[in-house]
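Sharing a structure here in structure tokens format.
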Amino acid sequence: MEAVPPLYRVAGTAGPQGDEDRLGVPDGPGAPLDELVGAYPNYNEEEEERRYYRRKRLGVLKNVLAASAGGTLTYGVYLGLLQMQLILHYDETYREVKYGNMGLPDIDSKMLMGINVTPIAALLYTPVLIRFFGTKWMMFLAVGIYALFVSTNYWERYYTLVPSAVALGMAIVPLWASMGNYITRMAQKYYEYSHYKERDEQSPQQRPPRGSHAPYLLVFQAIFYSFFHLSFACAQLPMIYFLNHYLYDLNHTLYNVQSCGTNSQGILIGFNKTVLRTLPRSGNLIVVESVLMAVAFLAMLLVLGLCGAAYRPTEEIDLRSVGWGNIFQLPFKHVRDFRLRHLVPFFIYSGFEVLFACTGLALGYGVCSVGLERLAYILVAYSLGASASSVLGLLGLWLPRAVPLVAGAGLHLLLTVGLFFWAPAPRVLQHIWILYVAAVLWGVGSALNKTGLSTLLGILYEDKERQDFIFTIYHWWQAVAIFAVYLGSSLPMKAKLVVLLLTLVAAAASYLWMEQKLQRGAVPRQPRIPRPQHKVRGYRYLEEDNSDESDAEGERGGGGGGPADGVEEEAPPAGPRPGPEPAGPCRRPCPYEQALGGDGPEEQ
């Protein structure tokens, strides 16, 4: 019986054309292995390395733009919805027709209380949440909570609005602390990818020179705050394209208003209780809220899909492994650092000035004199001025780092003094251009303040083990300032301006004192970050000790283990340090040594 030829050729057998294939390469056992599995003849290792790190740098830029756009959309949706909701709920006719005796003003007051009071406790849990979830996932979770707050407005009841407002208040500090940490880490990674040749020449434990990432940090913070300040303009879109069509003009809403500006007291005393000429249809409100919900969902997708990780997996393990008790305590221990103590007044003023722009300037000077229908345009002027002026933060590339912060403080000082002596007349539009100029200039000062503070913190605290603690402290003090503004909302405008002015002068003086102490060579006292205590199995994380030993072997040989977390280690004795203990016969051989048939290095 004739043998049937095989369907596939057998490896190592000669083909129909002898021992060479069509390309002229010998086949069979004598085939040269280098021709098959060797390096590509035109391979340029240096060029491929350059392309690889260029892709890495583009990925960092993508992360910065995605995080900036996600933060802008999130905050814009939140502000726009809250502003539209408060205006609708303020109108007496809207409340009585749509909600009857449900007590909507009481619900709104408790909702605002939840948003402003809850962040006071954020210093207790923010570092733990950031270390537990990671920087990127903390951003995603916080943006999701903002989206949850938007979704509850489909059914406005006490049990939907108030719990979601409390959850939102809990997410405020973690979101912006993780955002600040994320932008700083991206600047450090961009420096690593731009200077990869220098890093290859250094040892893995050697850190880059101090301040080396500062130019990239200035650029990235300018990009982030250029996007972020646009959120105030985005928040006005629902009002410009929807709500303004239903509002009365200023002759109706300001009929009983007697004084504005520096002579006013509280928020819009004498403002008419009916501001809506006609009530918006429920279907139109649902459409607007659905658009806002879609934008919030888009922000979640941006953070989830386009933002890369801030740390490598092993770095995430290190950050979590210092002990949860130490993570809880370290923000409080950083108070011993005189740099942070000197910057606390600036942190507080940073919260004051944003709230004053949205309430004092926009309401006490703007709405009180030119009507509610022009509120959106005043805030758009503030937003565009702040967004365009965030680029001025790049002046730090050529000027001393104190110049942007002091320039922003000086501009706000002049504006505050001018506002202290200005009382615009109600229902008079001749001075409206002064309002727009003041809003733009206040936005310029806000941009210099925000970019300068965030950049300064990223330069002073380069250690990746501390950055989340530092930004948590910064945004927590901002939350405390916002809470103080919430408590003092009924004060006269003159009292608010005096508090703002005193805080500004104290902040500038304290900051300049800090810079002077640093120039004299004062060394800040920083708390020690404990060493990571890893509890892993296998080969996922390599340590100096034997990662293959079992618990029983560790108890026999290791005893009690290393020092407790947070305890200062004793100084090593003088003289040469003893090296690692050589592997003896009692050590379990690793799988590679078992495959070689030996018991360890001693057998060789």
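Yeah, the Cβs are placed from backbone N, Cα and C, and that goes for glycine too.
Pulled from TrEMBL, these are the listed features:
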COMPBIAS  573-583  compositional bias 'Pro residues'
REGION    1-28  region 'Disordered'
REGION    523-604  region 'Disordered'
TRANSMEM  60-81  transmembrane segment
TRANSMEM  111-130  transmembrane segment
TRANSMEM  137-155  transmembrane segment
TRANSMEM  161-183  transmembrane segment
TRANSMEM  216-243  transmembrane segment
TRANSMEM  285-311  transmembrane segment
TRANSMEM  343-363  transmembrane segment
TRANSMEM  375-395  transmembrane segment
TRANSMEM  402-422  transmembrane segment
TRANSMEM  428-448  transmembrane segment
TRANSMEM  469-489  transmembrane segment
TRANSMEM  495-514  transmembrane segment
Hey, would you say the transmembrane segment (343-363) packs against the transmembrane segment (285-311), going by three or more CB pairs under 8 A that are 6+ residues apart?
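Stretch pair does not touch.
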Please indicate, using numbers and ranges, the residues of the same chain that are 6 or more beyond the transmembrane segment (137-155) and have a C-beta under 8 Å from a C-beta there.
67, 70, 74, 77-78, 81, 85, 129-130, 161, 164-165, 167-168, 170-172, 174-175, 178-179, 182, 286, 289, 292-293, 296-297, 299-300, 303-304, 307
Find the member of 60-81, 285-311, 402-422, 469-489 that has more C-beta pairs under 8 Å to the transmembrane segment (428-448) than any other listed stretch.
402-422
What stretch, picked from 60-81, 402-422, 495-514, has the most CB pairs under 8 A with the transmembrane segment (285-311)?
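Per the Cβ under 8 Å count, 60-81.
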If we skip the immediate neighbours and take only residues 6+ beyond the ends of the transmembrane segment (402-422), which ones have a Cβ under 8 Å from one of its Cβ atoms?
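Here the qualifying positions are 261-262, 346, 353, 361, 365, 392-393, 395-396, 434, 438, 441-442, 444-449, 451-453, 456, 494, 497-498, 500-501, 504-505, 507-508, 511-512, 515.
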